[in-house]
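Here's the structure we're looking at; comments come further down.
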């Protein structure tokens, strides 16, 4: 996976925890049409595998239309079934080496929290990108680890892999992460749960 410099497609969009209604797919298409998004990750922790498959098929078509890479959270087998572009692995998910056997040359990213040691292991195991966070407080998931801006500078000294920043990213703080060398920003709540802006308006504010 090629590393992006700061550009207009720095958003790594994550789905809401639950697909709210049928209108979500229209909102997603509008957001992806903004041309600010490189990746979309389907993250539905509480859905059945069957529902994930049904939802994933719909979303994959939308991602393909807008040339956005479609990734699955935690589940390499589902990613293979959907012929997704790859998957994202947390530290408690399937081992990266096992996931690579399933997904071959697909994109596999790994959560590294705030740890350079976890990042080094992921690099050695063949990760395509590294994710650090949470950088800020977030309501999307329970935060067990907080990351500092210094980890972004430190990781850049040892790898050229793309770096994804995660956690509580919104209009008031996103530029600081880009200026500190994050290649992509994983964003969810700011887009889907924004009380001030609709999804398309919210994504357009990120310039």
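Just so you know, glycine gets a Cβ as well, placed from its N, Cα and C.
What you are looking at is a predicted structure, and each value in this text was computed from that prediction instead of being measured.
Marked as 4-amino-2-methyl-5-(diphosphooxymethyl)pyrimidine binding site by Swiss-Prot on the basis of sequence analysis: 41, 42, 43, 44, 45, 73, 111, 141. Neighbour density for residue 73 (4-amino-2-methyl-5-(diphosphooxymethyl)pyrimidine binding site): within 10 A of its CB lie 20 other CB atoms from the protein chains shown.
Secondary structure from DSSP puts residue 74 (Mg(2+) binding site) in coil. The Mg(2+) binding site feature in Swiss-Prot is assigned to 74, 93.
Secondary structure at residue 41 (4-amino-2-methyl-5-(diphosphooxymethyl)pyrimidine binding site), taken from DSSP and collapsed to helix, strand or coil, is strand. Of the recorded residues, residue 43 (4-amino-2-methyl-5-(diphosphooxymethyl)pyrimidine binding site) and residue 93 (Mg(2+) binding site) place their C-alpha atoms 13 Å from one another.
Taking a C-beta cut-off of under 8 Å and a sequence gap of six or more, residue 45 (4-amino-2-methyl-5-(diphosphooxymethyl)pyrimidine binding site) has these contacts in its own chain: 17, 73. Cα spacing between residue 111 (4-amino-2-methyl-5-(diphosphooxymethyl)pyrimidine binding site) and residue 93 (Mg(2+) binding site): 10 Å, rounded to the nearest whole number.
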